[in-house]
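Database features, via TrEMBL:
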DOMAIN    A:99-330  domain 'ABC transmembrane type-1'
TRANSMEM  A:12-33  transmembrane segment
TRANSMEM  A:105-126  transmembrane segment
TRANSMEM  A:138-163  transmembrane segment
TRANSMEM  A:199-220  transmembrane segment
TRANSMEM  A:261-283  transmembrane segment
TRANSMEM  A:311-333  transmembrane segment
Amino acid sequence: MRTIAYRSARRLIAALPVLLGVLVFTFVLMRMLPGDPAVFFASGPSSGEAEIEAMRVKLGLDRSVPEQLLLYLGDVVTGDFGTSMTTGRPVLDDLSERLPASLELTILALILALGTALPLGILAALMPGSMVDHAVRIVCTAGVAMPTFVSGLLLIFVFYYLLGWSPDPTGRIDVFLIAPPEVTGFLLIDSLIAGDGEVFMAALGQLLLPAITMALFVLAPLARMTRASMLAALGGDFVRTARALGLPAWKVVNVYALRNAILPVLTTTGIMFSTMLGANVLVEKVFSWPGVGSYTLDALLASDYAPVQGFVLLMAGIFVIVNLLVDLAYGIADPRVAIE
Amino acid sequence: MLHTRPRGRIRAHLFAAAASAALTLIGIAGAAHAQSREETLRVVTGGQVNSLDAGMQGITRDGFGLNWNIYDRLVSWDRKKFGDGYIYDFDKMKGELAESFTISDDGLTVTFNLRKDATFHDGSPITAEDVKWSLDRAVSLKGPGAQMGTGSLKSPDQFKIVDDHTIQVTLDKPDRLAVPNLAVVFPVILNSDLAKEHATAEDPWATEWLKENQASGGAYKVSSFKAGQQVVLDRFDDWKSGPLPYFKRIIVQTVPEASTRASLIERGDADLSIDLQSSDVLALKGRDAVKVVSIPQINAFQMIAFNTRMAPFDDPRVRQAVAYALPFDDMFTAALYRRGAPLWGAKWENGLPDTGKFPQRLPFSTNLDKAKALLAEAGHPGGFKTSFSFNVGSAATSEPIAALLKESLAKIGIDVTVEKVPDAQMGTLISEKKLPFFTESAIAWLPSADYFFRVFFQGETRWNYGSFVDEELAELTAKARYERDPAAYETAARRMVAIAAEKAPVVMLWQPALDAVMAKDIDGFTYWFHRQTDYRSLTRTK
């Protein structure tokens with residue numbers, strides 16, 4: 001156990017140069033984008049040159065880019081990610097307030113996606129070329145071919161507007177309910193801690209449509225990956241041997257084949273998770289979800305540098321951590337693999 | 001605990017319950033403790049509030065709207081009926097926190113008599129000292145200061161405390177926009193003791209603290225504020241500056257997707273939205289599910305602007321030629337579904353308008369022969385090549401404008417390349433005067449002719465969209481500002497409007513309508529210069 005902790009720590013430290021690279025790259029890239037934030041933010045009804053100049057000084061844009069970068073690096077080291085001009089608040093506060101919303105959505109979507117994709121993929125692999133296989137292929141193609149905002153709007157139209165089954169698709173909780181005291185930031189967990197069943201159900205109701213929308217989108221890669229690696233595993237010698245020994249079919253499939261087939265699926269899941277967290281901007285927009293994605297998009301459109309830089313850094317950090325977790329999970333699924 | 005209509009509540013529960021059968025048991029109980037949401041107004045908006053302090057540089061329009069409801073100003077405007085709603089009456093000012101005000105005969109001293117019983121939310125009385133501090137703040141902060149300056153309010157020395165409930169404003173010259181400037185969103189009256197507690201040496205006006213906190217005595221107080229997501233307002237029951245508002249609670253939610261906002265209102269889950277897509281507004285109106293109050297934005301206009309400092313648009317004849325080649329009517333239909341007031345097609349005699357009001361219709365209309373003749377006269381018989389820009393954020397209206405413009409100008413030989421520019425970049429390009437030809441919309445808080453011409457037709461700011469320089473206009477506006485004789489002002493204003501038509505630095509297209517879509521039982525919507533909702537005047541009829 002101690003070695004795992006030690007190795008994990010070493011991995012995290014080794015990731016620091018990567019994070020630094022990401023940070024510098026984003027910083028320079030943002031400043032190469034067209035659009036002058038000083039003009040954008042000093043756009044009051046009677047703002048002239050003087051106001052724009054004052055804003056430029058306030059944002060530190062009057063200094064040279066290397067100078068700005070050094071100042072920014074110094075701030076980041078002390079945990080100051082700057083202030084968002086769009087919300088007027090420290091970026092770190094904004095991100096930490098919104099990250100749980102994005103995580104909750106992404107995790108539930110991933111659970112839904114895995115819960116559907118694994119059985120579908122296994123089924124398709126057990127009966128390759130059958131009707132079932134084709135049906136799975138069609139479902140996956142439809143899911144991946146439809147942009148998330150289309151499927152999101154479609155789900156809203158059917159389940160909220162036409163049928164009225166779903167609560168109104170705005171935010172994480174019914175506006176007329178009072179949110180539970182914040183402990184983890186995850187509404188589902190916080191409402192359980194507070195023992196408030198009503199809020200739990202309301203939050204779950206709000207989560208369902210956006211989570212399904214995102215799950216639909218990642219269903220295909222997960223199901224296809226499961227199918228492919230299951231097929232490979234099922235064709236392996238050890239499965240043939242297990243079958244020849246007369247082991248029950250469920251045991252052959254679930255224990256011997258699946259355990260071997262799960263490794264590439266794990267990798268895909270890890271990648272999917274990080275991608276979803278950043279790429280669910282459209283879903284967050286459609287469902288007015290107060291997550292980090294929609295926050296950063298607003299900032300980007302407004303040439304608001306600090307939030308975008310903070311977001312990219314956050315995503316890079318999460319990517320590093322998720323990769324580490326995937327590697328740890330590898331070790332559990334297959335003890336021969338250990339992280340180094 | 002507040003509650004939605006029980007119907008929606010149960011549905012929401014069923015939905016969640018169906019999904020997780022194990023937890024069904026805790027569910028449906030919710031409908032029981034229902035308090036009517038009759039006195040709660042749920043507003044959905046596409047924008048977001050980013051600060052509680054209107055003085056913050058970069059505050060959003062929704063921020064201004066919120067500020068309007070939580071703070072009082074000394075004075076405000078009356079309103080007049082327009083269709084199903086109201087429109088603010090720029091010619092009729094009334095007291096808000098000031099019970100009354102008087103202007104001296106020479107127009108140089110304005111005396112405000114404050115309400116004696118008014119208090120801030122924390123119960124402390126509102127005194128002349130608070131007013132002085134607040135006005136000092138308004139003229140001292142960068143952005144607000146520039147605005148106040150348009151009414152000759154420039155220095156704290158101009159505000160004098162006479163006694164606890166009287167304050168005097170002195171002016172160098174009798175500026176006609178001095179009092180109106182005290183009614184815009186900046187000179188709000190703050191609880192100075194509270195604000196000063198949070199001021200620092202670098203931040204004497206407590207701007208950092210006031211971004212997220214309020215020191216106010218307005219009709220509503222903020223009970224929860226999540227930047228970019230949601231603001232909840234509660235009525236201040238001791239408010240004295242007007243009749244007590246009807247709604248006890250206002251929930252303002254940011255819902256970025258326009259079609260979702262429309263569905264929320266149609267299904268009765270939300271009560272009001274002012275920024276739906278025109279197509280959705282028409283569809284909702286057609287289904288007769290909601291009430292639509294449509295009011296022309298009397299202080300705004302959409303325009304086609306030329307860079308008058310760049311060839312070939314430095315020649316007024318070229319600008320006029322383009323103006324006569326514009327398919328106004330088709331543009332109006334395609335971009336706005338004709339929801340607004342046209343600003344073309346006036347019939348003037350002797351080249352002068354009947355009134356000095358601005359914006360008003362100018363004498364342009366589609367006339368390709370005249371356009372060709374003007375172009376030939378200017379030395380471009382075969383036309384020329386140019387590019388036309390608009391910002392991506394306004395694509396819904398600008399895209400059809402650009403497409404029709406390109407098609408129509410091709411008929412007189414002008415070859416137009418259409419360029420879509422990201423919003424942040426558009427501002428920079430306009431400020432640096434780098435675009436030859438583009439469309440923009442402009443809004444002036446104070447719809448007074450000399451103000452419009454001062455802000456949008458001269459100077460080096462971004463707002464001089466045509467990069468226009470004209471000596472006569474500069475002289476006229478400089479003088480009109482202090483003109484006390486209404487007839488002389490009117491004459492000057494008519495001449496300003498005539499110059500706008502002759503020199504055509506911009507061609508005005510129309511004033512878009514502000515469509516406020518609301519539940520059928522909501523009444524009292526008022527159009528304000530800031531184009532946001534005044535919750536104080538809204539009621540729910542039974």
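Note that Cβ sites are derived from N, Cα and C of the backbone, with glycine treated the same way.
What you are looking at is a predicted structure, and each value in this text was computed from that prediction instead of being measured.
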Recorded stretch, among A:105-126, A:199-220, A:261-283, A:311-333, maximising Cβ pairs under 8 Å relative to the transmembrane segment (A:12-33): A:311-333
Interface present between the transmembrane segment (A:105-126) and the transmembrane segment (A:199-220) (three or more C-beta pairs under 8 A): yes
Long-range Cβ neighbours of the transmembrane segment (A:138-163) (under 8 Å; 6 or more residues past either end): 120, 169, 209-210, 212-214, 216-217, 219-221, 223-224, 280, 282-283, 285-287
Residues from the same chain, set at least six apart from the ends of the transmembrane segment (A:311-333), whose C-beta lies under 8 A from its own: 4, 8, 11-12, 15, 18-19, 22-23, 26, 76, 81, 95, 99, 259, 262-263, 266-267, 269-270, 273-274, 277-278, 292, 295-296, 299, 339
